[in-house]
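K.L.:
Take a look at this one; I'll ask things after.
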Amino acid sequence: MNILLLGYGKMGKTIEKTALERGHHIAGRITIDNVADLDQLQTADVDVVIEFSSPESAVANLTYCFERGWPVVCGTTGWLNHRADLEDLCREKNGAFFYASNYSIGVNLFFKLNKTLAQFMRNYPSYQVSMTEIHHTEKKDAPSGTAITLAEGVMQHLPAKRRWVVNEPGNEPLVVAQDAIEIESLREGVVPGTHTVRYDSAVDRIEISHVAHSREGFALGAVIAAEWIAGREGIFGMNDLLNFNDE
Ligand SMILES: NC(=O)c1ccc[n+]([C@@H]2O[C@H](COP(=O)([O-])OP(=O)(O)OC[C@H]3O[C@@H](n4cnc5c(N)ncnc54)[C@H](O)[C@@H]3O)[C@@H](O)[C@H]2O)c1
Ligand SMILES: O=C(O)C1=N[C@H](C(=O)O)CCC1
């Protein structure tokens with residue numbers, strides 16, 4: 001397949017390596033410095049776009065791709081307040097859009113485990129749920145998209161929790177209301193991504209964690225999603241790719 005890398009930073013470069021290993025061709029590498037090159041590409045030169053850029057640029061990038069009729073696999077986080085409008089545009093253009101806050105297969109298994117644990121904890125209100133996410137110091141958004149997906153998974157199964165609150169790097173501890181899930185965001189060194197969900201009671205703690213050792217798991221999932229979306233029309237996510245139900 002001819003893959004256009006829209007965003008060619010830490011993730012774009014890791015995705016390129018995985019895509020080449022799997023026999024794909026790179027149709028272009030777009031950074032903030034050569035966005036104008038997009039207009040030079042012929043529509044037919046691109047089979048699928050893999051978009052990992054920045055929270056500020058994702059909406060314009062996705063809009064551009066839908067207008068060009070290019071299927072898009074997007075991993076950029078921190079723009080989801082515009083998600084409904086972009087999905088409407090994709091449908092209007094009969095396009096194809098795949099989004100995941102985290103493309104790692106392991107994290108998607110962890111999402112399932114998180115929901116199962118929340119189902120168990122529903123009858124044990126003496127346990128207070130909270131989360132910590134740790135990422136490298138270059139990360140622009142907090143909390144991570146993955147932590148938001150985890151919080152949504154908890155809220156789906158613990159009706160007492162209706163929202164999440166973020167404690168951003170460097171802040172004092174928060175006083176967290178009973179209906180809220182605290183997400184502590186830490187930024188340290190070059191950490192690719194660590195997520196922990198914990199349930200604390202007065203006497204003990206239950207904790208589950210996912211630790212990414214590198215970006216390769218995210219990249220592999222994104223390339224597999226690009227292979228999967230080819231020839232499809234509609235809005236998709238990892239549950240479709242992995243044949244997971246949404247429970
Ligand atoms: N979903 C996942 O599995 C997953 C995994 C890792 C990272 N991410 C997300 O992917 C995004 C990128 O992460 P990264 O670590 O590669 O960041 P990075 O800062 O290393 O790279 C960002 C790239 O986007 C480019 N860019 C910025 N503005 C642009 C624009 N207007 N048009 C085109 N390109 C533009 C930059 O020039 C750079 O090449 C972040 O939002 C991050 O949270 C998602
Ligand atoms: O490095 C990042 O930035 C990551 N972003 C995603 C998120 O916000 O959840 C996935 C993990 C790595």
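Including glycine, each Cβ sits where the backbone N, Cα and C put it.
According to TrEMBL:
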DOMAIN    1-103  domain 'Dihydrodipicolinate reductase N-terminal'
BINDING   Arg29  NADP(+) binding site
BINDING   Gly75, Thr76, Thr77, Ala100, Ser101, Asn102, Tyr103  NAD(+) binding site
DOMAIN    106-242  domain 'Dihydrodipicolinate reductase C-terminal'
ACT_SITE  His135  active site, proton donor/acceptor
BINDING   His136, Gly145, Thr146  (S)-2,3,4,5-tetrahydrodipicolinate binding site
ACT_SITE  Lys139  active site, proton donor
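Structural setting of the listed features?
P.N.:
Classification of Arg29 (NADP(+) binding site) by DSSP places it within a strand. Under a cutoff of 8 A between CB atoms, and with a sequence separation of 6+ in the same chain, the neighbours of Arg29 (NADP(+) binding site) are Leu5, Tyr8, Gly12, Glu16.
The DSSP secondary structure for Ser101 (NAD(+) binding site) is coil.
Within 10 Å of the C-beta atom of His135 (active site, proton donor/acceptor) sit 26 other C-beta atoms, taking all shown protein chains into account. According to DSSP, His135 (active site, proton donor/acceptor) is assigned to a strand segment.
In sequence order, Arg187, Glu188, Gly189, Val190, Val191, Pro192 are the residues near His136 ((S)-2,3,4,5-tetrahydrodipicolinate binding site), counting only same-chain partners six or more apart with C-beta under 8 A.
For Lys139 (active site, proton donor), the Cβ neighbour count at a 10 Å cut-off comes to 18, with all displayed protein chains included.
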K.L.:
Could you list, ordered by sequence, which of these binding-site residues: Thr77, Tyr103, Gly145, Thr146, have a Cβ under 6 Å from ligand 2?
P.N.:
Thr77, Gly145, Thr146
K.L.:
Excluding His136, Gly145, Thr146, which residues of the same chain place their Cβ within 8 Å of the centroid of the Cβ atoms of the recorded (S)-2,3,4,5-tetrahydrodipicolinate site?
P.N.:
Thr77, Ser101, Asn102, Glu133, His135, Lys139, Asp141, Ser144, Ala147, Gly193
K.L.:
Taking the centroid of the Cβ atoms of Gly75, Thr76, Thr77, Ala100, Ser101, Asn102, Tyr103 (NAD(+) site), which other same-chain residues have Cβ within 8 Å of it?
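P.N.:
Here the non-site neighbours turn out to be Phe52, Cys74, Tyr99, Gly145, Thr146, Phe218.
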K.L.:
Under a three-state reduction of DSSP output, how is Gly145 ((S)-2,3,4,5-tetrahydrodipicolinate binding site) classified: helix, strand, or coil?
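P.N.:
The residue in question, Gly145 ((S)-2,3,4,5-tetrahydrodipicolinate binding site), is helix (DSSP, three-state).
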K.L.:
For the binding-site residues Thr76, Thr77, Ser101, Thr146, which one has the sparsest Cβ surroundings, going by other Cβ atoms within 10 Å?
P.N.:
Ser101
